Every structure is written in structure tokens, then in C-alpha cells.
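Peer 1: Annotations per TrEMBL:
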- 21-302: domain 'G-protein coupled receptors family 1 profile' (DOMAIN)
- 6-30: transmembrane segment (TRANSMEM)
- 42-60: transmembrane segment (TRANSMEM)
- 80-102: transmembrane segment (TRANSMEM)
- 122-144: transmembrane segment (TRANSMEM)
- 164-185: transmembrane segment (TRANSMEM)
- 247-274: transmembrane segment (TRANSMEM)
- 286-305: transmembrane segment (TRANSMEM)
């Protein structure tokens with residue numbers, strides 16, 4: 001039907017766009033020396049996981065969607081490889097988003113302690129833990145924890161063993177979900193605290209004769225001396241407040257899109273094996289591809305809030321020409 005052709009075309013375009021966009025982010029980070037530092041190493045790790053989702057996971061998922069009854073006709077070995085990379089790359093993508101949120105949180109709330117050296121060490125540790133945890137969750141079924149392939153039914157899916165379902169969904173989604181929600185609440189609270197503190201410490205506007213400089217729309221300081229005591233007032237937001245607000249907005253959008261994309265899939269993935277519920281296959285496919293789409297939105301979000309990426313993209317294409 002025409003509707004089926006349109007859906008398949010959309011899925012193909014989503015796969016290609018996800019691969020190319022994340023590959024562009026990786027090429028830009030490798031090409032520009034200024035990006036060889038935190039937090040761009042976290043962005044690069046996220047782009048690697050999302051590129052692998054687009055290159056290794058989404059095409060085989062599309063082949064499965066095209067088969068009659070969504071049956072797996074590519075053999076046991078390829079099924080095991082596909083499921084392993086599916087769990088590995090998607091889990092790594094989720095935890096990389098969590099690492100970016102944590103990095104933004106510490107850079108806002110612990111500016112004195114979170115130096116460049118500490119930031120580099122902590123980011124490298126978070127990247128290593130992300131991939132180690134993802135590998136442990138993905139390799140467990142290969143070591144005998146549940147079965148992923150059924151030759152009689154020609155079915156290939158993540159292990160439906162109840163104990164593995166609880167551990168894998170908890171480690172791959174529900175634990176990072178709790179972390180990112182807590183982080184965003186703390187970022188929002190810190191931003192509100194700083195804004196409230198600035199309002200409480202504001203000085204009443206001075207008379208025109210006593211002002212050193214007229215207030216403008218740009219952030220500035222106005223000084224006056226009264227009996228050897230110096231007071232000041234600010235007009236507009238300071239650079240730090242603007243940075244915190246921008247970081248809070250970026251983290252909020254990143255977390256919001258992450259939750260909307262993945263929560264339908266992981267709710268069904270947790271409930272289905274535990275209660276033996278028969279969820280229609282079409283809804284499983286919708287929830288799965290909605291989760292895959294998060295790999296497309298990730299680079300769009302964290303590059304949209306960084307003008308350096310936009311300038312680097314322009315320079316990249318100019319040099320290619």
C-alpha cells in the first residue's frame with residue numbers, strides 16, 4: 001500500500017540522516033583541535049554510539065520489518081550479532097546522554113572544584129564505565145542468560161528471561177532515567193537560587209546625578225561611593241547566569257526528548273515478559289523505532305546550543321569545496 005511505502009521511506013531516511021549527521025559531528029570533532037577536550041569527548045562518545053545504531057542496528061531492523069510477519073530469516077549467528085549490537089549501542093547512547101547531563105550539572109554547581117583537569121578525568125571515567133556497562137548488559141544473553149533466537153518461529157529478539165529483563169531494562173534505562181531527572185531538578189534549582197540571589201542583592205537605582213554610567217540593556221555594573229562603602233547594581237543578566245540558563249535549557253530539551261523517545265519502548269519491554277502480555281507487533285515496532293530516533297535528535301540538540309559547531313560545519317563544507 002502507499003501508506004506502507006511512505007512509512008518504509010521515512011524509516012530509510014531516518015536511518016541515513018542519523019548516520020550522516022552523527023558522522024558529521026565526529027568528523028568535525030576530529031578535524032577541529034579546539035574540540036579535542038571536554039565536554040566534546042562526551043559528545044564524540046555519544047556520536048559513536050549513535051553512528052553504530054544507524055550503521056549496524058537500524059538497517060537489520062528495517063530488514064526484519066520488511067519480512068512477512070516480522071520473521072527473522074537471516075540465521076542464528078546474525079541474529080545474535082544484531083541483538084548484541086542493538087543492546088550495546090542503544091544502552092551506550094542512553095548512558096552517554098546521562099554523562100553529558102552530569103557534566104553540565106557539575107560545571108554549573110561546582111565551578112571551583114570541577115577544574116579542567118578534574119573534568120577531563122571524570123569524563124574519561126564516565127565514558128569507560130558507559131561502554132563497560134553496556135557491554136556487560138549486551139553480552140549476558142550470549143553467555144547463557146536467556147535465549148534470543150527461536151528457529152521454529154523464526155523469531156529474533158532480546159532475551160525474554162524475566163530476571164534478565166529486570167536487570168537489563170533497569171541498567172539500560174530506568175537507572176539513567178532517575179539520574180537525569182535528579183540532575184535536571186538540581187540544575188533547575190541551582191539556576192533559580194542564583195537568579196533569586198541576584199534579585200535580593202540588587203541595589204535600588206541611583207539618582208541621575210550620582211550615577212557613573214547610564215544603564216543599558218547590556219549587563220553592566222554601576223558604582224557609587226558613600227562614606228567609604230562601595231555598592232553596585234547590575235542591569236540585565238550576567239555572563240554566568242546566561243551560561244547557566246542556556247545549559248539548563250539544553251539539558252532539559254536533551255532529557256525531555258530522551259524520555260519521550262525511550263519510555264514507551266522500555267515500559268513495554270519490562271511489562272511484556274513479566275505479565276505474558278501480548279502487545280500487537282505493530283506497536284512494538286513503533287516504540288522501537290521511536291527509541292532509535294533518539295540517536296537522530298541527540299546531535300541536533302547539543303549542536304544547536306553551541307555556535308562553535310555551526311561555524312565548524314560551515315568551515316568544513318567550505319574546505320571540502
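Numbering starts at 1 and runs along the chain as displayed.
Using the three backbone atoms N, Cα and C, a Cβ is placed for every residue, glycine included.
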Peer 1: Between the transmembrane segment (164-185) and the transmembrane segment (286-305), are there three or more C-beta pairs closer than 8 Å, counting only pairs 6 or more apart along the chain?
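Peer 2: Contact absent: fewer than 3 Cβ pairs fall under 8 Å.
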Peer 1: When you check the transmembrane segment (6-30) against the transmembrane segment (286-305), do you get at least 3 Cβ pairs under 8 Å, counting only pairs 6 or more apart in sequence?
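Peer 2: Taking Cβ pairs at least 6 residues apart, the transmembrane segment (286-305) and the transmembrane segment (6-30) are in contact, with 3 or more under 8 Å.
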Peer 1: Same chain, outside the transmembrane segment (122-144) by at least 6, Cβ under 8 Å from its Cβ: which residues?
Peer 2: 38-39, 41-42, 45, 80, 83-89, 91-92, 95-96, 99, 102-103, 106, 114, 158-159, 164, 167-168, 171-172
